Amino acid sequence: MVGIVLALLSAVFIGFSQISLKKSYKKLPSSAAFLFDSIFGLLIWVPLAIFMGISSGASFWEAFIFAVISAILSEAVVFYALSRGELAVTATIIATYPVYTILFSRFINQEILSLNILFFVILAILGSIIASLPNKQKKNRLVVNKTIFWPFIAAVCIGLSDTISKGYINRSQDFSFLFMLGLVQIPIALAYLKMEKQSLMKSIEGVLTKFKECRFSLLGGLFNILGTGFLWLSFSYAPASIASPITGCNGAITVLLSRFLLKEKISKQKYLGIFLAFVGVIGIAILKKS
């Protein structure tokens, strides 16, 4: 039950992050937003991991390898994908990542779900995808083209990252992964800045001189770090094939937050998706508790 609560908290904070980052891309490149994300990770994840406990026998080299993989696959690639193409379509495709988590977890971590739990997991995933779909969907809107290539890659990368990271967390039985992830994101963020030909000093100066324009990048990074942190914590208490679909409900939560914070209208389709997503989460919680 603890893992489910942590996964829900993750979904809420990632929902806040998506709303904030959606606004930030109008002012800053995705690499700059990821820089702020990595700074918050260093300030929050490292102390949290130390507080939660790191085994004296932890394999920091192994933790380093998995942290680098995770920082690239589930962080940097996602930031890049969210900045490409139309956000509504991008978010819909990325929302499918729990499907890949379940598939990878089955073959890599040997996680096998009962049919009852699997039904509600699928319901949660389906609901999140429906809630993330654009209000007015054209027939050929989701055909394979360049605009959906990166979101699809991001969804697969998140699923793979969640699976292999969960495998290491199971073996280590501590929080050395979270500790190392907070450290390695900084050099990866610097490399990302260089790839997009952005200046580190200009990015920092931009925050100091244009704080109003950069506040959404800062908020997006903070909420993403909090949400992702809760996800990694949930992996210590629940299988990835359960925690990941619950966290994937951030699409439905983002729609609700948009309704109350941004006063956006919600279609019947989105209400249906939200309903299915939360029925799935509640069903998982009840079955896991029993």
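Including glycine, each Cβ sits where the backbone N, Cα and C put it.
Curation does not apply to TrEMBL; its annotations are automatic.
For 2-132, 146-284, the entry in TrEMBL reads domain 'EamA'. According to TrEMBL, the transmembrane segment annotation covers 32-51, 63-82, 112-135, 147-169, 175-193, 214-235, 241-262, 271-287.
Within its own chain, the transmembrane segment (147-169) is flanked in space by residues 62-63, 66, 69-70, 72-74, 77-78, 80-82, 84-86, 89-105, 108-109, 177, 231-232, 235-236, 239-240, 244, which lie at least six positions past its ends and keep a Cβ under 8 Å from the stretch. Below 8 angstroms of C-beta separation, residues 2-4, 6-7, 9-18, 20-21, 23-24, 27-28, 32-34, 36-41, 44-45, 48, 52, 74-75, 162, 165-166, 169, 177-178, 181, 206-207, 243-244, 246-247, 250 of the same chain, each at least six residues beyond the ends of the transmembrane segment (214-235), sit close to that stretch.
Counting Cβ pairs under 8 Å that are 6 or more residues apart, the transmembrane segment (241-262) and the transmembrane segment (112-135) reach 3 or more and are in contact. With a threshold of 8 Å between CB atoms, the same-chain residues lying at least 6 positions outside the transmembrane segment (63-82) that come near it are 18, 21-22, 25, 30-31, 33-34, 37-38, 90-91, 94, 150-151, 153-154, 157-158, 160-162, 164-165, 168, 172, 176-177, 179-181, 183-185, 188-189, 192, 228. Only residues 6 or more beyond the boundaries of the transmembrane segment (175-193), in the same chain, are considered here, and those with a CB under 8 A from a CB of the stretch are 31-32, 34-35, 37-39, 41-42, 44-46, 48-50, 52-55, 58-60, 63-64, 66-68, 70-72, 75-76, 79-80, 165, 168-169, 199-200, 203, 229, 232-233, 236.
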